[in-house]
Amino acid sequence: MLKDTIAAIATPAGTGGIGIVRISGSEAASILNLLFKSSHSVTLFKPRYLYHGDLSDPQTGQVIDEVLVSLMKAPRSYTGEDTLEIYCHGGILVLESVLLAVLRSGARLADPGEFTRRAFLNDRIDLTQAEAVGDVIMARTSKGLEAAVSHLKGQLKQKIDSLRDELIDVQVLLESAIDFTEDVEFPSPSEVLSKLERLSSDLEALLSTYDQGKVYRHGATVVIAGKPNTGKSSLLNCLLQEKRAIVTPVPGTTRDFIEEAISIQGVSVRMIDTAGIHPTDDLIECEGIRMVWEKLATADGVILLLDGSKDLTDEDRKILKRLQGYNLLPVINKADLDHSLKEEDIIACFPGTDPLWVSAKFGEGIAVLKEKIYDLVLEKAGEQDGDVLINSLRHKMALEKTRQQVSQALASLQEGLSQEFAALDIREALEALGEIAGETVTEDILDRIFSSFCIGK
């Protein structure tokens with residue numbers, strides 16, 4: 001329903017100095033003339049100018065607030081339609097009253113993300129940029145914001161366009177040979193195969209950025225695990241620089257998970273303090289320990305916390321053996337006490353690791369630990385040096401489908417099958433790739449994407 005006019009409050013709920021009501025559609029200018037009276041008796045409003053005056057209720061004529069207004073004419077607006085923004089005082093009642101006046105004047109309440117959806121449908125932005133709008137709003141760390149702004153500026157779209165151009169080049173070569181076999185000299189098979197192999201490599205390189213992009217967008221989860229009384233809760237408090245977990249000398253104080261996010265070098269890392277792992281007949285403790293192993297199985301990284309003031313026991317060695325194969329960082333706590341634990345025993349269990357000594361009590365080694373946590377989660381994600389990352393499962397699935405079709409085209413040509421089979425694969429690859437920027441996307445996918453937006457954006 002792009003022909004109707006929509007409106008919504010565009011600023012967050014709550015009180016503030018300024019609030020914004022946004023209107024988009026063909027009736028935006030009419031609504032402005034109906035509700036607004038300029039303090040300088042202006043009746044013809046120039047686009048992109050700010051005007052000061054009173055905004056009144058259309059039914060009673062009562063002044064609602066003293067406001068500023070700005071009209072932006074299609075197509076040079078965010079949505080590509082006539083757009084009106086009303087800047088009023090940021091009180092809840094004021095904003096609701098202004099919005100109600102606008103709705104009474106012919107607009108309807110916008111759906112979540114409908115302004116950005118209209119921007120996409122009116123070719124102001126592509127779908128990767130539309131998704132990036134939501135990511136910019138929801139970004140909680142500098143890396144997440146950096147990745148979102150990259151997409152908003154069109155860098156992912158440029159990469160997708162480049163891949164699309166390469167696919168079209170191959171498609172032209174194949175289909176020309178099919179349609180004009182007598183008039184067109186078909187390029188050597190090695191030339192087409194070379195182009196397809198390069199395409200496959202480029203697609204693989206972009207796909208390999210997904211894990212890193214996902215960490216930047218959603219953050220990572222790191223579980224602190226170990227025996228009771230190794231200082232897991234103290235370490236969590238030290239990393240957070242606040243007393244979040246209860247710390248006592250009594251082993252087994254922590255039974256439930258305690259989770260809190262911290263920002264490490266621009267990446268959001270959710271730290272999880274867990275119950276101590278040890279043999280027990282206590283049913284509650286047994287259930288807590290079972291849940292610890294479930295958390296460990298889904299974590300992006302594990303901090304194995306050991307007590308440096310004690311030698312390894314047989315019980316310790318059983319836990320260490322079970323943790324082999326995890327993305328793990330051995331950390332030895334209580335560096336402020338006499339060292340009894342031997343590093344070589346830890347390295348023997350986890351070859352290639354470099355155990356880090358810390359003192360959660362005095363903060364010793366915590367700065368280095370944060371650096372190692374960053375390396376731990378980014379190393380698993382496969383940190384990339386390129387400028388463009390994908391961070392959406394939707395993008396990943398579309399790229400995987402594209403790569404699959406390119407691989408099938410390669411196989412067809414290598415097996416000496418008709419060029420028509422390869423041409424069909426390339427057409428399907430183009431369709432899959434077009435889903436990313438929205439060229440071949442369905443209404444269901446659009447509904448799913450924009451339903452996660454806030455109203456007013």
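Each Cβ is built from the backbone N, Cα and C atoms, and glycine gets one as well.
Here's what Swiss-Prot has on this protein:
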- ARG22, GLU85, ARG124, LYS457: (6S)-5-formyl-5,6,7,8-tetrahydrofolate binding site (BINDING)
- 219-378: domain 'TrmE-type G' (DOMAIN)
- ASN229, THR248, VAL250, THR253: K(+) binding site (BINDING)
- 229-234, 248-254, 273-276, 333-336: GTP binding site (BINDING)
- SER233, THR254: Mg(2+) binding site (BINDING)
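Everything Swiss-Prot records as a feature, shown here on the structure.
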{"residue": "ARG22", "record": "(6S)-5-formyl-5,6,7,8-tetrahydrofolate binding site", "Cβ neighbours (10 Å)": "23"}
{"residue": "GLU85", "record": "(6S)-5-formyl-5,6,7,8-tetrahydrofolate binding site", "Cβ neighbours (10 Å)": "20"}
{"residue": "ARG124", "record": "(6S)-5-formyl-5,6,7,8-tetrahydrofolate binding site", "Cβ neighbours (10 Å)": "18"}
{"residue": "ASN229", "record": "K(+) binding site", "Cβ neighbours (10 Å)": "18"}
{"residue": "LYS232", "record": "GTP binding site", "Cβ neighbours (10 Å)": "29"}
{"residue": "SER233", "record": "Mg(2+) binding site", "Cβ neighbours (10 Å)": "23"}
{"residue": "ALA275", "record": "GTP binding site", "Cβ neighbours (10 Å)": "24"}
{"residue": "LYS334", "record": "GTP binding site", "Cβ neighbours (10 Å)": "23"}
{"residue": "LYS457", "record": "(6S)-5-formyl-5,6,7,8-tetrahydrofolate binding site", "Cβ neighbours (10 Å)": "21"}
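Take the Cα of LYS232 (GTP binding site) and measure to each of the binding-site residues ARG22, GLU85, ARG124, LYS457: the nearest one is LYS457.
The shortest Cα-Cα distance between SER233 (Mg(2+) binding site) and any of the binding-site residues ARG22, GLU85, ARG124 is the one to ARG22.
Between the alpha carbons (Cα) of GLU85 ((6S)-5-formyl-5,6,7,8-tetrahydrofolate binding site) and ALA275 (GTP binding site) lies a span of roughly 53 Å.
On the backbone, the CA of LYS457 ((6S)-5-formyl-5,6,7,8-tetrahydrofolate binding site) and the CA of LYS334 (GTP binding site) stand 50 Å apart. Secondary structure at GLU85 ((6S)-5-formyl-5,6,7,8-tetrahydrofolate binding site), taken from DSSP and collapsed to helix, strand or coil, is strand. Of all the binding-site residues in the record (ARG22, ARG124, ASN229), the one with the smallest CA separation from LYS334 (GTP binding site) is ASN229.
The average per-residue pLDDT of the prediction over the domain 'TrmE-type G' (219-378) is 88, rounded to a whole number. A distance of 50 Å separates the Cα atom of ARG22 ((6S)-5-formyl-5,6,7,8-tetrahydrofolate binding site) from that of ALA275 (GTP binding site).
Of the recorded residues, ARG124 ((6S)-5-formyl-5,6,7,8-tetrahydrofolate binding site) and ALA275 (GTP binding site) place their C-alpha atoms 52 Å from one another. Cβ atoms within 8 Å of the centroid of the Cβ atoms of ARG22, GLU85, ARG124, LYS457 (the (6S)-5-formyl-5,6,7,8-tetrahydrofolate site) belong to the same-chain residues ALA10, SER24, SER77, TYR78, THR79, THR83, PHE115, THR116, ALA119, GLY456, site residues excluded. According to its DSSP assignment, ARG22 ((6S)-5-formyl-5,6,7,8-tetrahydrofolate binding site) is in a strand. SER233 (Mg(2+) binding site) falls within a helix when secondary structure is assigned with DSSP. Of all residue pairs in ARG22, GLU85, ARG124, LYS457, the annotated binders of (6S)-5-formyl-5,6,7,8-tetrahydrofolate, the farthest apart have Cα atoms separated by 18 Å. Note: the Cα of ALA275 (GTP binding site) and the Cα of ASN229 (K(+) binding site) are spaced 10 Å from each other.
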